[in-house]
């Protein structure tokens, strides 16, 4: 469905020093620089996949998304989406995709959202029956029926994002590109958007490619993540594989009815980072030793609570991005 | 559904939405149009005074009166303000949200142009009607439908020409940080060479050849000349040929520059 090979994008821009002197100097002489935004990346995405595109600011993920959606011409490399070269922006291609940008609206602000939906009906050549069926279904899923006749500028940020998603999906695209769709939303609105996207993927089989700095978005939606940094694809695989690779140890927290003595779990193989805080013990354990260690924990004393978890994805990403430039 | 039909249906929907949005500001259209008609009416009074005091001009009072009465309508009907907005959309990356949808990128600007003109006409036509009635003794009113039909075609082609020149200038924003100086230069040059300030018939005789063949004449002066002047059949034919030629030339240039510009588009912003 999506295939990229050696995909590269460079930008050329001129640099200008601050102040009047810099401005005057730039009148007669300009320094042009070329920046490599995406550097020979390659991947394939199949029908119905939900893929998270992750990376720090300026890593190249939004540039990649813009090339996939046809906004940018690649500098070199090959890119095929739904059998098309996106940059040609053929009608048959554009009617099968949708792009939602968290910080750019596709709705008219001064009129109700229904006006924008009717515009999409004409743009995508939808029959009245098809249009009404899709509007009904999406309005139900997003719970926005009463907002369709309200001026867009009068809606809240969360409501607007739901209407943006509705406008993007009313023609039933096969691929949905999402650039920071939950940016600025409160926790309730975020959860609603996530569950809606999961439902769309399940019901319609829509392929979703999403960039987000919110790891909860990624954990809730993506079975696969691609990490881009310095324009290079650093990781491409399942989210739990990323967790296993980056943080191969499980986090364990055990709470007891009575205080434990010193030297808890000393000498137990595969255990590290043991911290005792009153009645609670925190530690990290190798995955293949987890069973033995849990058994040892039950024998330490009267156990009240036990929690075993993978490392937080947020922490993993922070570690990865702090080590920018080092290939994983 | 073919591309043309689909784009026309999208244009109809966009124009309806634009009218709905812009009709909120109905008071501003009246003020806009009062300002629009103020300059031609002032010019009319000045030139009529000059003629009354014996000024020797290559045109008579009836030509001058008809010219300035029609001028407000034609300058409004052929005007375009899209360049600044298109350039801003390119520079700020807001063009992106239209680029991922299957319709011409310029439809929104065409719809904005058409809807504003429709609303302006509603305010302007009664004002022109009053001025016409006040100077009715000096107006040239061509007999029959023919000249008015040619006038309508010339206004339409003039509007297309101005809009296309605007797109051409705006498309340079794909490479330049700021095209506002070019937009302003176009407005100033066009206001003189189109005949919007002074009728081209009053230009110095040594400039006559250049003035008659340059493109801006066909955006304002030529349609007015069809009604106010006494253009012969041959002059009409030559005029329409040149006007159509400029429309095609500007259209081809705009298309080539726009297509090249899209390749250079950087889609700034998230």
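Residue 1 is the first one shown; counting continues down the chain.
From the backbone N, Cα and C atoms, a Cβ is placed for every residue, glycine too.
Pulled from TrEMBL, these are the features on record:
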TRANSMEM  B:29-51  transmembrane segment
TRANSMEM  B:63-86  transmembrane segment
TRANSMEM  B:118-135  transmembrane segment
TRANSMEM  B:147-175  transmembrane segment
TRANSMEM  B:187-206  transmembrane segment
TRANSMEM  B:236-258  transmembrane segment
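Proximity of distant same-chain residues to the transmembrane segment (B:29-51), defined by a Cβ-Cβ separation under 8 Å and at least 6 residues beyond the stretch ends, is recorded for 57, 60-61, 64-65, 68-69, 71-72, 75-76, 119-120, 122-124, 127-128, 131, 135, 138, 197-198. Simply put, out of B:63-86, B:147-175, B:236-258, B:63-86 has the most Cβ pairs sitting under 8 Å from the transmembrane segment (B:187-206). With pairs at least 6 apart in sequence, the transmembrane segment (B:236-258) and the transmembrane segment (B:63-86) have fewer than 3 Cβ pairs within the 8 Å limit; the two do not touch. If you look at the transmembrane segment (B:118-135), the same-chain residues 6 or more away from its ends with a CB under 8 A from one of its CBs are 19, 22-23, 26, 29-30, 32-34, 36-37, 41, 44, 65, 69-70, 72-73, 76-77.
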